[in-house]
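*Asks:* The structure's right below; bear with me while I get my questions together.
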């Protein structure tokens, strides 16, 4: 039975890794889920544990005693809860805004592109998790590559402010103790920094995401994060002597899964973007998989080099220094290898070897090992000989789920206090200390404002601004860095800012483009009624002979009775002349693109500059449109800019600029132009020009249904009628 339990313990991590792979395959294979949201939620689950343990660790090794010590531990949990509530609200608001605009009419091409990018971002986040495995398994003393910071570095100052300071030798003035309420708020800010990194970044991936799939993606992210944590936890406990091999295998495995996800994302991108360099999909898959896997291996090698090569060059620290280094490194550990309020296994070993005169420490003076240790005897006393495997659960270590969450206040504090401290006041007194609020009206309003998520959001923004531009605030730590470190820091921050701005831009364009798509769909029935329903039975524009008179007749029969040939359906207009008719034929496969280029070229220069471009040979042939015809086209392009600009910007992002397909199920820039600028709501392009390619029954670069082509034109071959000039 013991052997079976041992085997089961060995295979549990492997089974859970397989479970993680199944989750990722499910997320990547189906467009319903948001792979980026899943992996980012999983990342936040992990870094939340790191941040919580950083605060908890520093509290344990501070000089706090009695009720304030316990209240500080409770405040970390309450601060974590506050941050989760804050950012759950803010993430939900962001989702509600973007998904509310794009719920029904989001562009299918943009959804496909965002799906592919989402899968590739999921691959990137998974690669980062794989890169962190050796550090989080305890193999590396610190993380060598800081692709994404896993702690906020606010815990040290927050605990120092809480503890305060006393003057040395009675000289000078010390700092007073900070309030538990302020400390709880600092925990809230530190936790919120991790969520804030992705608040804007996730906005584009909410486009068209149904509410149930949003919550399912969040749930899958939490399951993924918990499972990942549990795999690390079991591996740390079970394979302590073989952590190097386990870390190597786990990192390689996650790199392979990451490469598979990237390959899937590239396949989706190849389909949605119509990439010209990837005509052979198998070749693209091969290059993307092995290329990304090679990059992951190079990053792992760089991480190893940074942790071991430089470490070997440093002199061996003394025993006291080893103690201090162990505690500092442990502050960023994924799992706090302590008992409830105790000290780490590594530190305890050092204490047993070093602590001569431990009896003095047991009296609580904390001076036997020197001032830098700051370890009070009340915690050392109960943890003498303590080992990591004894009575410390996974849920306690991660800080996600604690019996306190379903217990009474008294039970909460008894569980926190148990095994940690002897001297304490009543549970209610300690809890009240942790959640104390000032009853004065002015401060009550302040506490209400602080309870809302907007003040933390503002404070995190200011904090992020100062961290992004430390040179402006003469940050001492920044000034100590080398020029190379400063350059890398500024590049990384610049890239982060640009990515968030790009995400905000994509989300804004998608929302506004969807509004224009909805407006276009609403107007299409009117356009069909006005332009196409009676196209073949209404007025016609006819000519007597080639190069001769052109005029309007009330019907096809009237034109034929006058011995005229029909040039196009509808009344004649400003483009119903021989120069413009020939131009319509000769530029049938390029006119839409060329007129679009004129619109881009003259952007911001006014309608007259646009008209001059349309009259130039740039449109095609030896000349452009005639003056009156060019004026109609210029007004139409300006109308299109007003009503379809965001649809156009969206096509730029999805590589669909050249797609001018028209139809109720394909809302392109051409469809939008037709709905808003051709039939009088508000533009009048078709009555103004008279002649256009669909009315002349010319098949053009704008793909149209057959019902939108005039069927009564008497010129059966425009190629023979307007032979190409040699």
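Using N, Cα and C of the backbone, Cβ positions are placed for all residues, glycine too.
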*Asks:* Would you mind telling me which of 169-187, 188-206, 245-263, 264-282 TrEMBL tags as transmembrane segment?
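*Replies:* Going through 169-187, 188-206, 245-263, 264-282 one by one, TrEMBL flags 245-263 as transmembrane segment.
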*Asks:* Could you tell me which of the ranges 48-68, 111-131 is annotated in TrEMBL as transmembrane segment?
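*Replies:* Feature transmembrane segment in TrEMBL: residues 111-131.
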*Asks:* At a C-beta cut-off of under 8 Å, are there same-chain residues at least 6 beyond the transmembrane segment (211-233) that contact it? List them, or none.
*Replies:* 13, 16-17, 19-20, 23-24, 26-27, 32-34, 37-46, 49, 95, 99, 129, 133, 136-137, 250, 334-335, 394, 397-398, 400
